[in-house]
Amino acid sequence: DFIFLGFSSLAELQKLLLVVFLLLYLVTLSMNTTIMIIIWVDRSLHTPMYFFLCILSFCETCYTFVIVPKMLVDLIAERKTISFLGCAVQMYFFLFLGCSHSFLLAVMGYDRCVAICHPLHYNSSMTWRVCAQLVVASALSGLLIAQVVTPLVFCLPFQASRKLSHFFCDISPVLRVAFTHTNLSEAIIFTLGISVLTIPLMLILISYLFIVLAILQIPSARGRHKAFSTCSAHLIVVVVHYGCASFIYLRPSSSYSSDQDALISVTYTILTPLLNPMIYSLRNKDVKVALQKAIRK
């Protein structure tokens, strides 16, 4: 078994953390589920933008389910362990869903780019077939990365103690309890960072470059504000997601800190999935109107 040491330095606060994390998790599940139901039920939201938002909420619901329930149990368990196979399965689905999430954000950026830069051709460009293909491509990208990285990590010989300075089976903590990992760990983390963070982020930046150029050509200030407001929620989510993930995966291994990494990991495993539906529901007029209609019914 692997032994988690993620919150061992906060032993006196673990019951409080359990209550706080459980409440955040329940709110996250309820808000993401609400968004999925509203988009599914309300025909006015049957557009590519909200289709991608529905897929994003589904992805984040599954993503938190892979990590948070086990973390909550470990906060009150005397022995915080996970089996070798369980650790491999958790890492596999964490990588699959996390990487798919990153590529899906790039797809949502492309959708906003087409909507703002080529509004007259939007319906013909973003057909349901194209939207489905983009979602499948995002999922296959995440699946490929998880399929390659997970076996590379778990084919290594591990130390007898197997104590992970984390609260779930992330790449860096697992590799640090392997006997021979230095070159491989650097290669895996660097490849993961390049493929999952840098490439989608560059695609998002390119999309927003075209968006900014298109917005600057709009003559009225009101028109520019309306155009930018349609993608501001996505931009906030991108900044939070890539900011936290880049800090973890795109930095030298010499700056590794278990306590700091655990804190940042809480941000993108619990707070970010909670933040996304709040941003999209509170800042989006269409979602608020659809939610009000559903409540009246």
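The count begins at 1 with the first shown residue.
Note: Cβ is positioned from N, Cα and C throughout, glycine not excepted.
Please treat TrEMBL annotations as automatic predictions, because they have not gone through curation.
Feature annotations, reproduced from TrEMBL:
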{"type": "DOMAIN", "residues": "31-280", "note": "domain 'G-protein coupled receptors family 1 profile'"}
{"type": "TRANSMEM", "residues": "16-41", "note": "transmembrane segment"}
{"type": "TRANSMEM", "residues": "48-68", "note": "transmembrane segment"}
{"type": "TRANSMEM", "residues": "88-110", "note": "transmembrane segment"}
{"type": "TRANSMEM", "residues": "130-154", "note": "transmembrane segment"}
{"type": "TRANSMEM", "residues": "187-216", "note": "transmembrane segment"}
{"type": "TRANSMEM", "residues": "228-250", "note": "transmembrane segment"}
{"type": "TRANSMEM", "residues": "262-282", "note": "transmembrane segment"}
In the same chain, who gets a Cβ under 8 Å from the transmembrane segment (88-110) while lying at least 6 residues past its ends? 49, 52-53, 55-56, 59-60, 62-63, 66-67, 70, 82, 134-135, 137-139, 141-143, 145-147, 149-150, 153-154, 168-171, 174, 192, 195-197, 199-201, 203-204, 207-208, 231, 234, 237-238, 241-242, 245
Which listed stretch (16-41, 130-154, 228-250) has the most C-beta pairs under 8 A with the transmembrane segment (187-216)? 228-250
Surrounding residues of the transmembrane segment (16-41) on its own chain - C-beta under 8 Å, 6+ positions past either end: 7, 10, 50-51, 53-54, 57-58, 60-61, 64, 68-69, 71-72, 75-76, 266, 270-271, 273-274, 276-278, 280-281, 287, 290-291, 294
Using Cβ atoms and a strict cutoff of less than 8 Å, what residues sit near the transmembrane segment (48-68) while being 6 or more residues removed from its termini? 21, 25, 28-29, 32-33, 35-36, 39-40, 90, 93-94, 97-98, 100-101, 104-105, 107-108, 111-112, 115, 126, 128, 131, 135, 167-168, 269-270, 272-273, 276-277, 280, 286-287
Mean per-residue pLDDT computed across the domain 'G-protein coupled receptors family 1 profile' (31-280): 83
